[in-house]
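Notes follow the structure.
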Amino acid sequence: MLFGIKLANDVYPPWKDSYIDYERLKKLLKESVIHDGRSSVDSWSERNESDFVEALDKELEKVYTFQISKYNAVLRKLDDLEENTKSAEKIQKINSEQFKNTLEECLDEAQRLDNFDRLNFTGFIKIVKKHDKLHPNYPSVKSLLQVRLKELPFNNSEEYSPLLYRISYLYEFLRSNYDHPNTVSKSLASTSKLSHFSNLEDASFKSYKFWVHDDNIMEVKARILRHLPALVYASVPNENDDFVDNLESDVRVQPEARLNIGSKSNSLSSDGNSNQDVEIGKSKSVIFPQSYDPTITTLYFDNDFFDLYNNRLLKISGAPTLRLRWIGKLLDKPDIFLEKRTFTENTETGNSSFEEIRLQMKAKFINNFIFKNDPSYKNYLINQLRERGTQKEELEKLSRDFDNIQNFIVEEKLQPVLRATYNRTAFQIPGDQSIRVTIDSNIMYIREDSLDKNRPIRNPENWHRDDIDSNIPNPLRFLRAGEYSKFPYSVMEIKVINQDNSQMPNYEWIKDLTNSHLVNEVPKFSLYLQGVASLFGEDDKYVNILPFWLPDLETDIRKNPQEAYEEEKKTLQKQKSIHDKLDNMRRLSKISVPDGKTTERQGQKDQNTRHVIADLEDHESSDEEGTALPKKSAVKKGKKFKTNAAFLKILAGKNISENGNDPYSDDTDSASSFQLPPGVKKPVHLLKNAGPVKVEAKVWLANERTFNRWLSVTTLLSVLTFSIYNSVQKAEFPQLADLLAYVYFFLTLFCGVWAYRTYLKRLTLIKGRSGKHLDAPVGPILVAVVLIVTLVVNFSVAFKEAARRERGLVNVSSQPSLPRTLKPIQDFIFNLVGE
């Protein structure tokens, strides 16, 4: 399609006069005169050149001014919305419907602005190329356009990421504070409550991958933002960007943020970026805050025969991959991770799982580790961890991981062969790992191999290319043809945790997105496989097998919305007819089979399903559960399942038992009296225990502070014990002193044991989110009683002896006399304790 026709079709009517006047600029080029066969020199003069440049500059000013005004208008709306969320009083006055409508308008405007920028930017590039092609005798206008684009930072951001993050924050506010029916689907809203996986590695998952054209990327992000918040990298991540929850759903807009020139400007700019403030009126206003999407670099390993590539492409179960990965520039000394991943796929269910070995490396040790099988870094790291008090089991596991990867590199003769760089945007509900959407854009593949011994691309003695990672502006401009490949689309991946053998969860918005014209599904797509195929696929010496999706890259994946809608309708009708046939077959099978056999088969099926779910949810065996299974199966064989009133009450949220018993209680009698239907299982986790454990720091500190206080009491009692015991010979009552020393000694032991036991008990209750009381009064009461009794005994014995001496029962001539004022008090105490 000609660009002029595309521009006319994609123009947003209310903004029609603000687009580039492409047809007028074409007329100024006198294209028709050139096509008539006249000489370019005769028909094109300096005056024509000046008129064209002046018109081009005016069009730039017009488009840029309009774009700035609209962008700032959206910013003002977002500022007003954010202002209404800053205090509790303002939040109470918010009209949720009006708030949501304004937010929808901002998202819609941002989406239209992105399309506006793309169309106009493409128009300016094409008209400049047309000028240089038609009038080669005149200086190229490309350099002029480059200068003007730096002065007028038009379309400098490849994506409106800062706007999207602010909108995402406001959508999250709306979801959290208002039960709006259109804000998020009910199924998605309940996901965070039902998800109880504390670690993604504990469950299998399904992965769905799609290609997204650059023209549709903004609309795709806008659709996702209505249901999932964007995950903002508050800092440079240093762990697994796929599974570690190292992200914050927060927007940190810096008022003095600078401008970031996007990748489209790189075709015109040698340095690839520019920083500039833009003055509007009398005050400076930030046009594009910096993007939060991190640049991830991955260095893949393989051997001369590309065995890892072939094994992965042929879907050999357990085929491993090895990669080095870091975020940002290597000169900034980021955390570098060496990762060995082994994916396994269940061919029956389609579920995927993986095992991963991850080592954090230092750049200066990588060469010796990879090429010389040097264990010095392993020994250095283990010694450091041992000095810090790391447990022996962890050190042994770390040593095994080092040996595993080193042996893998040596046995397979691996070396770095391919570099992939991309920007990642992630969408996920914080704390809920059941569904996650990532979009990787600006994907670039670069050869990093030394397969050709005569002309190696990478120094064979170094693990990475020094020319790319050097401290020079835009080092990619030095790449030669054939050394790099730009992937034309963005890659969207939807990862869904499988709690059973079901297919993709019934999220309507996901179905609408994945079946729309905006995305093109590519099952089993892999960044590594695509990179090897694009850079090494033409050389039969290296690669003889290619991925099935390569031919699709030669076609335009964009679809007509109407055609995509009709195709989706046909697909849904076909699926519905298949489901109807299957349901009919199930009904017929139930009628034809006797009741007893049907019940027995259904019971076996339910038990198998329950075993599968137990494998996903509980990784610890239980003897009690093992002995109870035969009893449950016997009950199933003796009864035929009926959908009774109690089950309907459960679904309705009413009284869940007709006899007053709770079928979900721990009582085995009441639980066995109620039989759940197929596919419904007894909950094993409370909703309050779903998700990761998040307890305020003051709770942990209070428990530790109490333990420390008990330790101080234990220390004081031990000092008292040994002081008394060491001074027994000097005491006036040696037997009493000896007895008290032993009493205090046992009291000291009790305090230490009691303190540690209480600390562990409270720690368990805190981690388990238990509602039980944390008080433990027995210990303090017992210590207080023992101390009081010993003091009273010591006091009584001492004063009895003093009374005897005072009354002449013992020779007291050597005792000093008391003042006359204290004599009545002494007599009272003597009478109280007796003689």
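Heads up, the Cβ atoms here are built off N, Cα and C, so glycines get one too.
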Worksheet item: Hey, which of Ser45, Ser470, Ser657 does Swiss-Prot call phosphoserine?
Response: Ser45
Fill in: From Ser176, Ser589, Ser813, the one Swiss-Prot labels phosphoserine
Ser589
Worksheet, complete the sentence: Which range of 126-133, 262-269, 390-397, 766-773 is region 'Important for inositol polyphosphate binding' in Swiss-Prot? It is 126-133
Worksheet item: Which candidate in Ser43, Ser670 appears in Swiss-Prot with the annotation phosphoserine?
Response: Ser43
Item to complete: Name the residue range among 327-355, 385-413 that Swiss-Prot annotates as coiled coil.
Response: 385-413
Worksheet, complete the sentence: phosphoserine per Swiss-Prot, picking from Ser270, Ser665, lands on Ser270
Discussion item. From Swiss-Prot's topology annotation, check whether Ala802 and Leu518 share a side of the membrane.
Written reply: no
Worksheet, complete the sentence: The answer, for which of the modified residues Ser43, Ser50 has its Cβ ringed by the most other Cβ atoms inside 10 Å, is Ser43
Worksheet item: What are the DSSP helix, strand and coil residue counts for the topological domain 'Cytoplasmic' (757-778)?
Response: 12 helix, 0 strand, 10 coil
Worksheet, complete the sentence: Here the 10 Å Cβ neighbour count for Ser45 (phosphoserine) comes out at 11
Worksheet item: So what's the mean pLDDT when you look at the topological domain 'Cytoplasmic' (757-778)?
Response: 82
